[in-house]
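Chemist: Just dropping this structure here.
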2 protein chains.
Amino acid sequence: MAVGETRFPEMPVIEGLRLGAAMAGIKKPDRRDLVVIEIPEGARVAGAFTRNAFCAAPVMVAREHLAACVARGEGARYLVVNTGNANAGTGATGLRDARTTCAELARLAGVEEASVLPFSTGVIGEPLPMDRLLAGLPGAVQALDDGSDAWLAAGEGILTTDTRAKGASVTLTLGDATVTINGIAKGSGMIRPDMATMLAFVATDAAIEQALLDGLLREAVERSFNCITVDSDTSTNDACLLIATGRGAAVVDGEALERFREGLLQVMAELAQAVIRDGEGATKFVTLRVEEARSRREALDVAFTVAHSPLVKTALYASDANWGRILAAVGRAPVEEFDVDLVTIDLGEVRLVENGGRAPGYAEEAGSAVMAREEIEIRIALGRGEQHATVWTSDLSHDYVSINADYRS
Amino acid sequence: MAVGETRFPEMPVIEGLRLGAAMAGIKKPDRRDLVVIEIPEGARVAGAFTRNAFCAAPVMVAREHLAACVARGEGARYLVVNTGNANAGTGATGLRDARTTCAELARLAGVEEASVLPFSTGVIGEPLPMDRLLAGLPGAVQALDDGSDAWLAAGEGILTTDTRAKGASVTLTLGDATVTINGIAKGSGMIRPDMATMLAFVATDAAIEQALLDGLLREAVERSFNCITVDSDTSTNDACLLIATGRGAAVVDGEALERFREGLLQVMAELAQAVIRDGEGATKFVTLRVEEARSRREALDVAFTVAHSPLVKTALYASDANWGRILAAVGRAPVEEFDVDLVTIDLGEVRLVENGGRAPGYAEEAGSAVMAREEIEIRIALGRGEQHATVWTSDLSHDYVSINADYRS
């Protein structure tokens, strides 16, 4: 199941950046499950990784290798991604397997081991099938290409319980040059990213120096992947990479920087929202906007408390305008000196709650009409400040339970 | 659905304390939905109420009336409880209805309005059907009785989506006197109490002065109702009352106080666990024990993070020993400077995790055998301190989704 249409877009070439996918049979036969991304020399790469204390072996190695590249004033040269197995909770064996994967790709490509960053996603706690993974690498390297089909193949090659590939692209005109930003992502369950999503790879041909690139990634992650939740569970393998090849226009400051920042946020927000639309068992795409908070942190706390409430999520699944459950969730959010009489709650264009209770003009049929939609906006105004935040989430359906009760079988 | 057997016990008489239930037809016909509890003069009463900022009208009035009684050096004289309607999110009308209910019972019983405490549970956001509620009061008063059947009728009269009445009782020998503690509770969904449960009424014939009674209640709630979760949603109507009639032995200090404290915790923990066994859609009763934490707060944070994880809860439902999901939940708990290599996780008698990964001796069949049980214990040792905490929870099943997607229809 998935909400709405998410078309995989036409992806313009980013010169020097190539993607290749192969079928390595890591968990299941006959599906793309191994992806290699080639980054041209001279590129800059920024990364954001999960903050789950149990982070997976590939996350540890990717973080270490990226730090080594940055210290040398370089970008990474290759990313290698497998699906079907997360290589998480695998101890010393897992670390050795992640390093071996990098070493083998480095050998095939003629680069240093530390220039390769590894990523894995799938079942936690089982050893990587290294024979099949290593045997698949040459095929992925041979498939490397810079066309739109290669982006789609890579987008498909990183999926797990996802039902469709997720891509986004914008092309910006900066003065007399154009700059492209392409991205792909995967994620459907175990989605409550903390500083990163399941896996997202975003690339641009812009020329951006390392510190600025790091800051742009951090800021865009904060307002895209860190604002989505399917089930409140933060993955052990979340990672988001931003690659700037540097072959296109330079982005340094002023209006060009501003437009690049907006374009990057657009690509990353589209990818983050595509993850929610494809959330496990999702039948609704819900935008939760919390306004009039004292701080953005407070607005996010309220939004996530509502977004994580199983009772709100089952009411959304049932298309039931059960505003009492929204109100109860708002009321237990961690907000100091909370005067609930100032709170208003709107469902789409319908006012549900004011003065601590049902809005005088509210009629059940009006609420039900909005709840019947596939895309729903809930606006909660706290009446205590000027800050706001938006969070995107899905509902809790029978299919969510089925998918997660049966995942390993 | 519900886990295991919970027999409603034989409840000894607590002299002067009587309970009466009636069928007022508040939401549905032909079921007990209105309960009156009569407390003898001279009793002391302590209360713990929800900390949801949107607290219901009856909670506000009960808190206010109880404070007035305590200020006069008295206990409350009557409790009145309706099910089928929470009188929450009902604004000024709700407050007036709660006061009118108290006033009418006070008139019937010949006491002051402020000696009556009101409680409501059920659907949020609909006005109380005052005509039916008030018409039912005389029948509940006429039914007042101190026998075990009256406790059972009251236990049944406060249920909503619960499938069975919940009672617990202990009789303690203190020197040459005996003291009885009886309690009833309701709750099945919207269960993540914060300083109280959905509704629990506990009474003893012991003589205990107000400040000590308040302290005993606070302490017992902290280790019983505040250690359970079904779905992480804190109700707007949670309340827990402790009544000491004072007609039996005095409890002041020393060994008598110690034994009373233990007996009270036993009754309240049994009631709290009965709520989980009867959790909405529950097929498993899960004890989460977190050990070797730096503080009890830290142990509770880890335990609740695991207990709230939809992925852990669906794995429990599927009887799938998916330890990777437990590990991922532990890893995202709010713990500072967390060295996950020191963590061990045991499922019943089976070691799942050590040194950050699967325990060397672990075999899937051994884990699956424990997961197949109805009652499961998960022990998580953090390896960083000496504090511990225990939390009880249930699984996330198709029935949970069905119950909450259909509740209002």
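These residue numbers are counts, starting from 1, taken along the chain as shown.
Each Cβ is built from the backbone N, Cα and C atoms, and glycine gets one as well.
Features from TrEMBL:
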type	residues	note
ACT_SITE	A:Thr197	active site, nucleophile
BINDING	A:Thr160, A:Lys186, A:Thr197, A:Glu280, A:Asn404, A:Ser409	substrate binding site
Chemist: If we take A:Thr160, A:Lys186, A:Glu280, A:Asn404 as the binding-site residues, which have a Cβ under 8 Å from chain B?
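Modeler: Only A:Asn404 pass the 8 Å Cβ test.
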Chemist: Tell me, if you would, which residue among A:Thr160, A:Asn404 (binding-site residues) has the fewest other CB atoms within 10 Å in the structure shown?
Modeler: A:Thr160
Chemist: List the same-chain residues at least 6 positions away in sequence whose Cβ sits under 8 Å from the Cβ of A:Glu280 (substrate binding site), in sequence order, or say none.
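Modeler: Within the chain, A:Glu280 (substrate binding site) has Cβ neighbours under 8 Å at A:Thr161, A:Ser188, A:Gly189, A:Val230, A:Asp231, A:Ser394, A:Asp399, A:Tyr400, A:Ile403, A:Asn404.
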Chemist: For A:Lys186 (substrate binding site), name the DSSP secondary structure in the helix/strand/coil scheme.
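Modeler: Reduced to three states, the DSSP call for A:Lys186 (substrate binding site) is strand.
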Chemist: Would you count the other C-beta atoms found within 10 angstroms of the C-beta of A:Lys186 (substrate binding site) for me?
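Modeler: Here the count is 26.
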